[in-house]
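The structure appears right after this line, and notes come after that.
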């Protein structure tokens, strides 16, 4: 709680920390001197003898000066925060960037300039209320987005938004002893109601019983301005923030439904005991159907059938089956009449007697009519007694049958059931002429209440449930149209009056509004209102004095003050970032970063030692550190790097747009390179094509007419009716394809002409008529023998007959070679044939031999074969 934490500050308020030499730093500057300032966190590292006090701010790896940089970037750097600057007071390792800031709340220091042992109070979890907590403080620091409401003597209420380095410099309107009234975060939108507390996360923290986005209403089962729980013994009450808390539905113990029972009572063992006339239904629900001899009447009660009827119809009660000795009444279908008792001689026996052979004998005194001599033989019981389970029983003064929960029915001469949901009943002033309609319930099943002798679910209008037995509905007084708890506590009134706190009044008092004939209390945020919501206020109380759009708020905005005269928010002077009143002399903090607060006015800081105002603290760095002059007190110890700037440079990470530009530049360079490479390749192909055309004499120069024709063809397209011109190269390729086809056909004939035999094959004589007669062979030697001079060692393939031998265009040395050779397309003159080529030509052109003889060389040594001498030297 705030009070317990601030009580600690009172104990430390009188203590004064002795001045000692220290180094105090902000990001970019450090000063060495004497100081009692304790706000912030102490930074130290192993191997570095100097400790520095870091004031609130952000520190990075590039923070000047060198001394601070060395400590921040040391691997052994540790931080010892002061009160309120961390969740723990123990040392912790430093990770950059480092932010030194006060946790959401307020820190109080017993001396000016944040000196001495400070105490810290965080944001409360529930509204502070009307209590005020004294603040013995000479300076105080408040975290961002947090405001504190303080009283400054008398009825002055001031809202503090900024840290105050010296309370004595506050304006006159905020001077005097300070007391804390409330403290909250300002980050909630919409603003919390007076019942909630705005947390630093921007959400409203609701105490127990409150609910809503702004904690503006009570949860179900809670009522009143403080959202109290409904009274014990109630399942529901008049809840809500404007509710009275009266019990609307008491807790029902052991209701019939708890043991699967409808018209019965649940015992402690969970068993159901049915009311008279009820049994379990066929679906298993207990006490849900009428027993034999009973019927269901229009009121939902199982009523007993007429005397002598064993089964009757629901609703009407008409008898369906009569008992033995009874017959259906001719005039009333609900009745069964007893058979007339007669003697053996046929004499009718009068009432009070029964037939016993030849005579009539008297009935038992307990019987009015009977069928025998005992009391169990009664048909109709005597006056004052009633039939119950075959016997005649008496009643008490209320007409209740003895030994049962039934009531006497003079019309049926039987003990009948009580009304619906009744566990017991009576007939006031019971006599033999009383009717069953006069019966009144005296007990009800759990969950039902008594109203005018009936068991009902709730008390009707103009009655209330008596708190004495929580069973009987009692009438309200004549002035109330509805009441609760007692006959005189009116909820609504007659004669046009308004019910206010149980009384009937002519007009609603302050802090209430009229609704449905009653005065309803306003929302706790309002002093007066037009409705029950927290945004229907017409005036505000002192805890939430600022009216805004129907709501009552605790503060104006930061650069405004509340004018009590006009009950409006007014703007502060331009020199103030927050203020307590109009003009330039009521500032609580300065809007300019070069000014400080002096007596409520903002003046130039004139910071010494080259320092500036510490952001968030409102004071120069030089005011926190006393630097002695050279001729003054003892000199300060020498510390290196105190003012030396950081020489090391760190590479800043690239921004996203820089990365994007670099990626786009790389993509552009790649596209440009690809374009240039493809252009160079295209030009190279064009150069090679031109060289090939020049070598093949295909690069004919076009005259101006042909160039004009080509341009027209490229512009308008080639006419499909005009065939493309056939060049010399295309003609040669077509000729080559035709010769290859002819060569393939000849090779097929050559392969098919091979014949295998046990003797040396001879050239077949085509002059004979039978083409399949192989006995006749040519006797000429094979071409192999003619070429080499050696005899053939294997069969000679039969050569196809060529009618017009043609020398192959692809070679001048072979005829139709199957080996593919690219044709030499040249315009050079053909060379003269060699000796071998001339010989091959002469052999091919020699005439075919006649007859069937073989061609045998006679003198191979004198052959004209030019290869013979090469093979056989």
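Placement of Cβ uses the backbone N, Cα and C atoms for every residue, glycine included.
The structure displayed is predicted, hence computed values, not measured ones.
Taken verbatim from TrEMBL:
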- 801-813: compositional bias 'Polar residues' (COMPBIAS)
- 842-863: compositional bias 'Polar residues' (COMPBIAS)
- 188-198: disulfide bond (DISULFID)
- 206-215: disulfide bond (DISULFID)
- 184-216: domain 'EGF-like' (DOMAIN)
- 784-813: region 'Disordered' (REGION)
- 839-873: region 'Disordered' (REGION)
- 1-18: signal peptide (SIGNAL)
- 656-677: transmembrane segment (TRANSMEM)
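Taking the features listed in TrEMBL, we show where each one sits on the structure.
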residue: 188; record: disulfide bond; Cβ neighbours (10 Å): 21
residue: 198; record: disulfide bond; Cβ neighbours (10 Å): 24
residue: 206; record: disulfide bond; Cβ neighbours (10 Å): 23
residue: 215; record: disulfide bond; Cβ neighbours (10 Å): 24
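Cα separation, residue 215 (disulfide bond) to residue 198 (disulfide bond), rounded: 10 Å. The DSSP breakdown of the domain 'EGF-like' (184-216) into helical (H, G, I), extended (E, B) and coil residues amounts to 0 helix, 8 strand, 25 coil.
In the predicted model, residues of the domain 'EGF-like' (184-216) average a pLDDT of 93. Separation of the C-alpha atoms of residue 206 (disulfide bond) and residue 188 (disulfide bond): 13 Å, rounded to the nearest whole number.
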